[in-house]
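Q: Input: one structure, supplied below.
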Amino acid sequence: MSKEFTVPPVIFPSGGNPNTIPQRRLPTAPFQPPRSSNPNNIPFMSFDIGSSPASTSFSTPQFTTTATISATGHTNFDDELPLLEELGINTKQIWNKTVSILNPFRLKPDLHEDADLSGPFLFLMAFGLFQLLAGKLHFGIILGWVTVASLFLYVVFNMLAGRNGNLDLYRCLSLIGYCMLPIVISSAVALFVPQGGVVCFVMMGVFVVWSTRVCTRLLVELASCGDEHRGLIAYACFLIYTLFSLLVVF
């Protein structure tokens, strides 16, 4: 036995026609505040220069010159030391020491009282450069031998002088480096002399004696208790510079 169900009627909003498509509602624009009728009320939004108040104007920047700085009491750039002197490199002092070593008979020990490593480093780099031109790469060997030679001469001198010795390692390294100048000159001359000849050996002997004489006199004059051990100090210096001359010969 079939049972009947009651279905409620369907009502379309378009007036009963199911084929009609409901119209979409157009979106409305968002809320916008009403614009002011007088935009000149806001001075920073105005493009009229005359309409902005005087308080919004910027002052012209003022730059102080060097004369102004010096007038106010501050340090002037003209009074600053050169860059080399600020780094502790005195080129005039290096030049005077170099000239004094070039003349071994008129040596001025007072110029070497202020020890420095700028001149010795320059001479060692020049020595390595001349060796490089000869086809020998000895930069590391030169720096290592100078360090060992300075330690050797420092220990020998202080053992001879005892408690009265006042030779420090810094001054010892400075003196050995400056007295390397004759060896540097010999390495430059050896580029034009046949290697292994009699002339080369005689030339190297002269330059080694030159360096030994200069270094011995500087050590004796600048360090106390060195005059009585001049022979032993000269022998130690002769061994050091003979060792460097072997790099040039062989």
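All positions are counted from 1 along the displayed chain.
Using the three backbone atoms N, Cα and C, a Cβ is placed for every residue, glycine included.
Sharing the feature lines straight out of TrEMBL:
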DOMAIN    123-247  domain 'Yip1'
REGION    1-37  region 'Disordered'
TRANSMEM  139-157  transmembrane segment
TRANSMEM  169-190  transmembrane segment
TRANSMEM  196-220  transmembrane segment
TRANSMEM  232-249  transmembrane segment
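Help me picture these features in the structure, burial and contacts included.
A: Here the transmembrane segment (139-157) has long-range neighbours at 120, 124-125, 127-128, 131-132, 165, 167-169, 172-173, 176-177, 180, 219, 223, 226, 229, 232-233, 236-237, 240, 243-244, 247, meaning same-chain residues at least 6 beyond its ends whose C-beta is under 8 angstroms from one of its own.
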Q: Other than its close neighbours in sequence, what residues sit by the transmembrane segment (196-220), given a CB gap under 8 Å and a spacing of at least six beyond its ends?
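A: Long-range Cβ neighbours of the transmembrane segment (196-220): 101, 104, 107, 109, 112, 153, 157, 167, 172, 175-176, 178-183, 185-186, 189-190, 226-227, 230, 233-234, 237-238, 240-242, 245, 248-249.
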Q: Work out, from DSSP, the number of helix, strand and coil residues along the domain 'Yip1' (123-247).
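A: Within the domain 'Yip1' (123-247) the tally stands at 105 helix, 0 strand, 20 coil.
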